[in-house]
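**Q** Here it is, the structure in full.
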Amino acid sequence: MEKKMQNTIAAIATAYGVSSISIIRVSGNAALDIAKKISHLEEVKPRHAHLTSLYNSQNDLIDQAIMIYFKAPFSFTGEEIVEFQCHGGMIVAQEILDTILSYGIRLAEPGEFSKRAFFNGKIDLTEAEAISKLIEAKSVDAAKILAKQMKGELKYFVDESRDALLRSLAYSEVMIDYAEEDIPDDIMRSIVTQLDGLSEQIMKIVDASYRRRGLIEGFKVAIIGKPNVGKSSLLNALLSYDRAIVSDIAGTTRDTIEEQVRIGSHIIRLVDTAGIRESEDTIEKIGIERSLSSVEDADIIIALFDGSREFDSEDEKILAIVDALQDKHIIVAINKSDLEMKLDGDRINSYDPIEVSAKKGFVKLTRQMEALLDSIGEGEELMLISARQIEAVNRAKNAIAEAKEPLMNGELEFFSYHLQEAVKAISSISKPYDSEEILDKMFGEFCLGK
């Protein structure tokens, strides 16, 4: 009985804090026993919403809640599961959980429910990763991509790719068995064509995943400009609250400031950078270096200029940075447009600058940002949603490339070896059974109760 209890896990599945409803999840062989103990019900029907009182180990009433029992294997984890839907808040849910744990049930580790679902064959790793990412989705488009992956879109690609590699591998094994025979040209061409097609498909998926990665991670938008052009004021205006210190003293912002803000259907990472100029101040120089680093990995760059001041060498330096980043999405904005315009616009007119001030221009700016974000994220291509997935398909692609030369030279054992490595790599996307460390790391990033 003790082992039965310890093999059963429990956790609060909803966010900690004030809410209308909280959910406590219990999974394992003792789940039904615990449900009966704390509800005092003698009969609990599967998939039936029981409105019941819940009691602690001293028989004191905790709350009235909805209790649902999912009989194995027809549950998320494939095990016996009971879920308690109680009134929200920080006290009631915790007392119910404490009562469950007092009977010898173990507190679940982060991601342990999903890990059990994986080991019980209810989900594969692509679906598990999609569940984890969906919780943190940064846009509507991201949620759609992740929902498709939860339904098996990536798993289908993995299975199809694996089958194609296994067919080529089967050919090679037959050819090894009949090594004295010449390999027919049409079989050779068929294998090469199949492998080339798979490599091209993988490259397209990887390229699309890098290009659209901001859908999953959150697109990064960096504001750059010389000191005291109003970058921090722009950040505060876009956030709708004062996050950065605003001062007339040049160089007030000495480090990058990053915050999340919603633009249209996207949650972006908005970065206010230190003013870029020549400086002998050690601290300011570090801030400028970080500014340049933020620019390099940003999806969109807002280059801000002060319309109330004449164009100078520091503005020229900002434009030089912008000119060198033609592969980036650039928005040029002229700040303080409500003051007398002194900035010579000839140098920046080709960028179709947007005029902004403390009183106007932000609607046009946010609409342009939204349009760019939509264009970066658009596409129907399959996406890889984690570094682990990208690394696996790249290993498969490299192994396929390594296999082609031995095939052309008739070195079938080497061809077979590289193809087996490709099969292992592509299969590891959905089922890397050979590495407990990978599984622990991946499921450990899930939230508690998931």
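Glycine too: its Cβ is placed from the backbone N, Cα and C atoms.
The following feature annotations were taken from Swiss-Prot:
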- Arg25, Glu83, Lys122, Lys450: (6S)-5-formyl-5,6,7,8-tetrahydrofolate binding site (BINDING)
- 228-233, 247-253, 272-275: GTP binding site (BINDING)
- Asn228, Ser247, Ile249, Thr252: K(+) binding site (BINDING)
- Ser232, Thr253: Mg(2+) binding site (BINDING)
- 218-377: domain 'TrmE-type G' (DOMAIN)
**Q** On the 0 to 100 pLDDT scale, where does the domain 'TrmE-type G' (218-377) sit on average?
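**A** Taking every residue in the domain 'TrmE-type G' (218-377) and averaging pLDDT yields 74.
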**Q** At the Cα level, what's the spacing in Å between Lys231 (GTP binding site) and Arg25 ((6S)-5-formyl-5,6,7,8-tetrahydrofolate binding site), rounded?
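**A** About 47 Å separates the two Cα atoms.
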**Q** Spatially speaking, which of the binding-site residues Arg25, Glu83, Lys122 is closest to Asn228 (GTP binding site)? Use C-alpha to C-alpha, please.
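**A** Minimum Cα distance from Asn228 (GTP binding site) across Arg25, Glu83, Lys122 lands on Arg25.
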**Q** Can you count the other CB atoms that lie within 10 A of the CB of Lys122 ((6S)-5-formyl-5,6,7,8-tetrahydrofolate binding site)?
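**A** For Lys122 ((6S)-5-formyl-5,6,7,8-tetrahydrofolate binding site), the 10 Å Cβ neighbour count is 18.
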**Q** DSSP three-state call for Glu83 ((6S)-5-formyl-5,6,7,8-tetrahydrofolate binding site): helix, strand or coil?
**A** strand
**Q** Tell me, by DSSP, whether Ser232 (Mg(2+) binding site) is helix, strand or coil?
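**A** Looking at the DSSP assignment, Ser232 (Mg(2+) binding site) belongs to a helix.
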**Q** Between the binding-site residues Asn228, Ser232, where is the Cβ count within 10 Å the lowest?
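**A** Sparsest of the binding-site residues Asn228, Ser232 by Cβ contacts within 10 Å: Asn228.
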**Q** What kind of secondary structure is Lys122 ((6S)-5-formyl-5,6,7,8-tetrahydrofolate binding site) part of, going by DSSP in three states?
**A** coil
**Q** Which residues of the same chain, at least 6 positions away in sequence, have a Cβ lying under 8 Å from the Cβ of Glu83 ((6S)-5-formyl-5,6,7,8-tetrahydrofolate binding site)?
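**A** When sequence neighbours closer than 6 are ignored, Glu83 ((6S)-5-formyl-5,6,7,8-tetrahydrofolate binding site) has Ala13, Ile23, Ile24, Arg25, Val26, Met67, Ile68, Phe70 within Cβ distance under 8 Å.
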**Q** Counting Cβ atoms within 10 Å across all protein chains shown, which of the binding-site residues Arg25, Lys231 comes out on top?
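**A** Neighbour-count leader: Lys231.
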**Q** Round to the nearest Å and give the CA-to-CA distance linking Lys122 ((6S)-5-formyl-5,6,7,8-tetrahydrofolate binding site) with Ser232 (Mg(2+) binding site).
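**A** With distance taken Cα to Cα, Ser232 (Mg(2+) binding site) is 49 Å from Lys122 ((6S)-5-formyl-5,6,7,8-tetrahydrofolate binding site).
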